[in-house]
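Residues or ranges marked as domain 'BTB' by Swiss-Prot: 32-99. The domain 'BACK' feature in Swiss-Prot is assigned to 134-233. The region 'Disordered' feature in Swiss-Prot is assigned to 251-273. The feature repeat 'Kelch 1' is assigned by Swiss-Prot to 365-411. The feature repeat 'Kelch 2' is assigned by Swiss-Prot to 412-459. Per Swiss-Prot, repeat 'Kelch 3' is recorded for 461-508. Sequence annotations record features per position, and here Swiss-Prot assigns repeat 'Kelch 4' to 509-555. Residues or ranges marked as repeat 'Kelch 5' by Swiss-Prot: 557-602. Per Swiss-Prot, repeat 'Kelch 6' is recorded for 604-638.
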Amino acid sequence: MIPNGSLNFEDEQFIESSVAKLNALRKSGQFCDVKLQVCGHEMLAHRAVLACCSPFLFEIFNSDSESNGISLVRFDDLNPEAVEVLLNYAYTSQLKAETDLVKDVYSAAKKLKIDRVKQVCGDYLISKIDAQSGISCRNFVNTMGDWRLLTKIDNYIQEHLLEISEQDDFLKLPRLNLEIMLEENVSLPSNGKLYTKVINWVQRSIWENGENLDALMEEVQTLYYSADHKLLDGSSLGEHTEAHEDNIQLIQKKSPRENNHKNLISSSSGSLSPSALIQCPKHEWKIIASEKKTNNTYLCLAVLNSTLCVIFLHGRNSPVNSPSSTPRLTKSLSLEIQPEDSLERVMSPMHYARSGLGTAELNGKLIAAGGYNREECLRTVECYDLETDIWTFIAPMKTPRARFQMAVLMDHLYVVGGSNGHSDDLSCGEKYDPKSNIWTPVPELRSNRCNAGVCALNGNLYVVGGSDPYGQKGLKNCDVFNPITRMWTCCAQLNIRRHQPAVCELGNKIYIIGGAESWNCLNSVECYNPQNDTWTLVAPMNVARRGSGVAVYDGKLLVVGGFDGTHALCCVESYNPERNEWKMVGSMTSSRSNAGVVAVGNQIYAAGGFDGNEFLNTVEVYNPQTDEWSPFTQLCES
């Protein structure tokens with residue numbers, strides 16, 4: 001075709017021909033200017049080609065721009081055959097590897113930051129997973145730190161645990177054997193909360209009692225499930241009156257550990273003792289899958305203190321008047337037996353790990369928007385259906401956005417400010433219409449704002465606090481948006497500068513909780529009264545924290561997780577505005593800072609966040625009636 005008399009020609013064979021010639025030149029060593037030395041094997045190539053394929057090598061070559069000869073790059077931890085596969089891919093775009101080489105190709109692609117190959121290899125490994133390879137594949141993916149694949153493998157394990165439990169790799173895993181004392185004719189509850197209690201017991205044993213995980217696995221541990229739903233060892237039974245005094249002594253002989261456990265309950269009027277507050281280490285604790293083997297026997301695959309292991313639970317009924325047996329309990333255990341048609345499993349994770357995300361409840365669904373992970377700020381928005389335990393995508397935001405909060409106003413979702421990954425502060429905002437599934441812009445803030453608190457009150461949208469353009473100190477600013485006039489105005493400033501606060505409406509007032517003034521985390525709390533446009537300090541929290549989440553339940557505030565300047569937190573506290581008092585309540589199963597926290601129905605959900613080591617896509621739920629957090633959900637079988 002010759003538009004306007006000029007020649008325009010595209011040779012469709014040129015690229016394919018040139019690529020083949022380039023690869024031939026590489027193999028013959030012609031015009032090569034880089035040598036890869038992989039475990040003693042030398043491979044020649046062209047820097048320009050490798051730099052286009054591998055960001056890792058691009059950085060090396062770019063920093064060595066003055067080199068006039070052949071560059072030398074050494075790798076002592078890669079398989080030469082796998083690197084040769086990647087070289088062929090770089091020159092031909094074709095990826096060919098035998099099945100037993102795919103893991104090594106994946107490792108090499110991860111090292112060289114060739115993400116497309118890494119993803120293809122990972123998906124291939126998942127497609128080949130079976131009962132025999134499930135554990136070894138999980139160990140490999142866990143070592144690689146690929147949480148996308150790890151989620152898929154864990155989902156497979158949940159569906160095939162009994163088959164996997166018969167394989168050699170599973171049988172070689174370390175095992176924690178627990179024998180749980182039960183009243184006669186009472187079975188272990190078919191309830192995922194039991195495993196959460198087991199994790200809490202192991203954590204107490206290690207962190208408070210100085211136990212070693214290996215030592216706990218050396219012998220069968222006898223525990224007691226109390227009538228008030230606590231899982232205790234013998235050293236804790238002295239606090240419970242359900243067992244006879246002589247029986248307590250018998251049990252304590254089997255478990256001589258000292259009991260330093262204190263309930264995490266305190267009010268703002270008193271101090272919280274250091275020994276009472278458990279700081280969660282930066283290690284992984286999670287339940288992967290569980291199955292019922294027999295009437296009173298359960299099998300569970302878990303990660304305890306970053307160790308993949310098996311938990312074997314056996315409930316033992318105590319015979320009446322049998323002095324040689326475990327003591328008979330004097331009160332029937334009030335265990336939660338699930339209906340026959342119910343199924344309890346770990347809640348489905350989000351499709352993306354997210355920290356600094358916005359969450360809200362909309363039409364009975366949990367909405368999780370934006371946030372960031374190790375790679376980027378996100379535009380995607382996910383919707384969780386509590387009844388089906390399924391995450392689905394809705395329309396993405398127009399702007400990648402993290403370090404922001406989200407609110408519901410007039411049945412629309414509003415997001416304002418935050419960071420897009422390139423500029424620390426955004427002034428733009430947008431709203432989501434669930435009927436049209438469309439995001440539309442809203443008038444920009446009067447100034448850029450990141451790490452601010454957002455909530456709705458009396459038909460208006462409030463943006464409170466945030467960080468300055470340099471991200472080094474908090475702001476006192478408070479702006480309010482009227483959706484009818486589409487105008488921003490100022491209201492009274494905060495008493496204390498705050499960024500990364502938790503903000504929530506309760507009782508026709510706004511509470512701004514914690515945050516940081518500069519780098520120092522705050523435990524102070526302020527309350528805004530719109531009638532007189534004033535901020536007033538109220539009782540401080542027990543724990544200073546920034547990046548926490550907050551939700552309302554039963555006329556109280558629940559402040560969840562966060563960061564205390566040293567650790568990501570799992571501890572949670574509740575504020576009673578009538579008594580102006582804070583108290584510690586049940587801790588989460590995972591430490592989470594910058595998580596999304598939202599009330600849906602009569603429960604509170606914590607989604608995503610950062611645990612001090614990894615970005616999270618997991619979800620857990622708090623039941624105010626039992627004061628417990630759990631990663632499990634209960635579904636009805638169809």
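Any Cβ shown, glycine's included, is placed from N, Cα and C.
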Please list the DSSP helix, strand and coil residue counts for the domain 'BTB' (32-99).
30 helix, 15 strand, 23 coil
Mind pulling out the one from 365-411, 412-459, 461-508 with the most Cβ pairs under 8 angstroms to the repeat 'Kelch 6' (604-638)?
365-411
Write out how many residues of the repeat 'Kelch 4' (509-555) are helix, how many strand and how many coil, based on DSSP.
0 helix, 23 strand, 24 coil
As a quick check of your reading of DSSP, tell me how many residues in the repeat 'Kelch 1' (365-411) are helical, how many are strand and how many are coil.
0 helix, 22 strand, 25 coil
Arithmetic mean of per-residue pLDDT over the repeat 'Kelch 3' (461-508)
93
